[in-house]
Structures are given as structure tokens and as C-alpha cells.
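Taking it in order: structure first as C-alpha cells, then the write-up.
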Amino acid sequence: MKNYAIILAAGKGTRMNSGLPKVLHKVSGLSMLEHVLKSVSALAPQKQLTVIGHQAEQVRAVLGDQLLTVVQEEQLGTGHAVMMAEEELSGLEGQTLVIAGDTPLIRGESLKALLDYHIREKNVATILTANAKDPFGYGRIIRNAAGEVVNIVEQKDANEAEQEVKEINTGTYIFDNKRLFEALKHLTTDNAQGEYYLTDVISIFKASQEKVGAYLLKDFDESLGVNDRLALAQAEVIMQERINKQHMLNGVTLQNPAATYIESSVEIAPDVLIEANVTLKGQTRIGSRSVITNGSYILDSRLGEGVVVSQSVIEGSVLADGVTVGPYAHIRPDSQLDECVHIGNFVEVKGSHLGANTKAGHLTYLGNAEIGSEVNIGAGSITVNYDGQRKYQTVIGDHAFIGSHSTLIAPVEVGENALTAAGSTIAQSVPADSVAIGRSRQVVKEGYAKRLPHHPDQPQ
């Protein structure tokens, strides 16, 4: 039997008060829609459609060209949204999942369990339900004395007794595909909202004595639908708990999980120590035995084994085994630090390659530089790489020694084993094994200070 899927992503999300479509708001680095698509993939649907409407082009851009979309020009309810898929799916044999694109916490395993239950029970429709402590706002699952599902009643249409029901509709269903589209033809807008409710399909099936079931979620959190920023923050907290728990089970030490932000795309090897207030985002990969200390931020970077990052920012860069960074360093995009490089406090590296065992300990800027192995960069040294229009490269050979407060004006090259004297401005290349001194000769005027206003011998 074939599986199909319809993801509902056409809503405006008015309560988000945002210029961004609701389903594109992110939870742990991925849009809500991407989380849903990832979970839906567990069913391996033969055909999958996403119903888009509000700011359709933005949503389509996230989906890419590989996934089918249909446009709901007017948002006339969930039933109307599913009707938009009729041309693609009507008449096909199989089961169809219908799920909202603003439910980022639903797990693929739960959707698979829902499908298995639907097939096993031979239902024409199966509702994914959950027990809510506070069911306000949700559609209620109404059962008869035998425990069979009779109806789904929306909050605005529920009477007092129905509002006391704790079992709620999560908005996720499995339908017999052919019967779904047959039933949709009988929907009306005779309700408090004046919309086509998808839930009315259940009443249609019950009226024709077809079997409708409900599969109860074990974890209510999975049912969370995000309609405002409060729910978005709630989803973020829950997702972070999941992500951090899995990393800890995999052998990562998080000193304070509640104060550690790790996006879902990040990979961390066992025996890594992550201190509090650390943020790890994007395609970051961290090797075993590395230590990331309090307050560090790492984005789209690959760190080898035994790397230590102390209160620093690393973006779009590659750090080999044994590299140490910080405190208060900034490794900017397109930088590569080879084995055992040391970047100390208040050092900024941008678009540069530093060879093995090279050290830049203090107060340094290295931009657009190709630096060899075992080079020492003295405190306060700067590569001057930008003339206001173009950027130029600085090349420093192996074993070179750059004296403190050297200014290297690119394009310039310092050869292997060469040395620049402290305080030098280097505007011409320095050959290998040479010493370059580029500073004014010191002049001492003995006794002259006594003539200056600051001197204690001067009258005040």
C-alpha cells in the first residue's frame, strides 16, 4: 500500500506579528516546516505535497525544487487546504498523512506508529490525539460509551461538557486517500468560523458507519502547535532539551544543559566538555576531547580532537587537532588553523591559513594571510590587508619571527627564518634568514624633560 503526505503551510500566522511566514520561523536552527518535513520522511511517502499560500514564494524557496507544492489562494480552513491537493492525489489507492507545518516537535517515530496503527486497525481515518492538562483552544475528541471516536468538536463550537474533555486533536491524521477526497466534497462552512473544517470529515465517515480510530501520543509535547512567539519559545526549550539529552547520552559532557544552545545540525564526538552559556550552530563539528568554555560561540566550523576554545567566537573555519583559541579571540570565516596552533587573547584571524605550531598570543589582527609552521607573531602585530578598494595577501614563511607591534603592509612576504624587529613597519618583502628593521632611530635629549610643563621642577 502506498503512502502520501499533505503538509499544511499556507496560514498567515497573524499572532506571530511577523513579516516572515509562520512555518519559516526557526526552532534549533531549522524552520518549523523543515522539522516537519524531516519527520514526515520517516513514512517514505511516494508523493508529498505542501500546501502554501501566504508569502508562497518564500516558503517555496525553503522547500526547493524537489518537493511538490500547491497554492491555497484563500485560506478558508483546513478542509479547504486539503482540497488543494485533489488534482495530485484524488483517486489514488493508499494512505495519506495530513499534518500542519507548524508542529516542529512531532517525531518521525510517532508518525510511523500512527501509520502502523491505522493499517493494523483497518481504519478509514485515524486521528493523532494527546491528553492535555489545559485543553483550551484545541479541538476535543468526543467518544461514546464504548470508547469509540464519535466526533471532533472545535473549541468555539464545544458546549460546556465537551470543553471539559482532556483528549485533544493534534491536527495530524492518516486517511484512506480515496475516501478522504470523496468526503471533502461534502464539507460545508456551517460552523462558528465559517470555514471548511477538516475535522468534519470524521463526522461524515461516522455517519456512513466507517471505522475511525485515534492513536494517543505518549508525549504531549509532540503535539505543540506554534501560533505565537510564546509557543515558539516553548518549542525551542523542548527541542533543546531533546538535543542536549541526546548529546549527553552519546558521551558529551554539558556542565549546564539548560544554559547550552546546540542546533540540531551540530555533531559532537564523545568526551567533549561543553561549559555553560555556549552556543553551537549550523554545520559545526567538534572532535573528541575538545573543551569549549563558558561564553563561546561557534558557527559552521570544524574542530579536530583536543581543541580548546576559551570564551571566543569561531565562524566558518577549520581548526585541526590540538589548536587552542582564546580567551576573547575571534576566528572569522575561511580561516584554517593547523595542528597545535595557538591563538591567544584579543587576536582576530580572518581568511587566513596558519601552519602547525604557529602562535599569535596577544592583540593581533591576521587578515588574508598565509602563514607557515612554527611562526611566532608578537603582541600587537597587524597585517594591513585593505587599501579601501582591494584586499592583499601577506605571506610569512616557516620559523619566521614577527616582533611585537610589527605592521605588515600587504602585499608583502616575510621569508623562512626571517625576523622583523619590534615596532617595525614592513612595506617591502623580507628575504629568508634576514632581519628587517622598519622604525625611526631613537633620539634621546638629556635633561630636556625638565623644561616641559609636566615636570615637577616647573612652577604649577
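Heads up, the Cβ atoms here are built off N, Cα and C, so glycines get one too.
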Check Swiss-Prot: it lists Ala379, Asn385, Tyr386, Ser404, Arg439 as binding acetyl-CoA. Then name which of Ala418, Ala422, Ala427, Ala449 it lists for that same site. Ala422
DSSP-assigned states of the region 'Linker' (230-250) in counts, ordered helix, strand, coil: 20 helix, 0 strand, 1 coil
Restricting the comparison to the binding-site residues Ala379, Tyr386, Ser404, which residue's C-alpha is spatially nearest the C-alpha of His362 (active site, proton acceptor)? Ala379
Taking Cα atoms as reference points, which of the binding-site residues Leu8, Ala10, Asn227 is nearest to Ser404 (acetyl-CoA binding site)? Asn227
If you draw a 10 Å sphere around the Cβ of Gly139 (UDP-N-acetyl-alpha-D-glucosamine binding site), how many other Cβ atoms fall inside it, taking every protein chain shown into account? 26
What average pLDDT does the predicted model assign to the region 'Linker' (230-250)? 98
What Cα-Cα separation, expressed in whole Å, is found between Gly139 (UDP-N-acetyl-alpha-D-glucosamine binding site) and Asn227 (Mg(2+) binding site)? 15
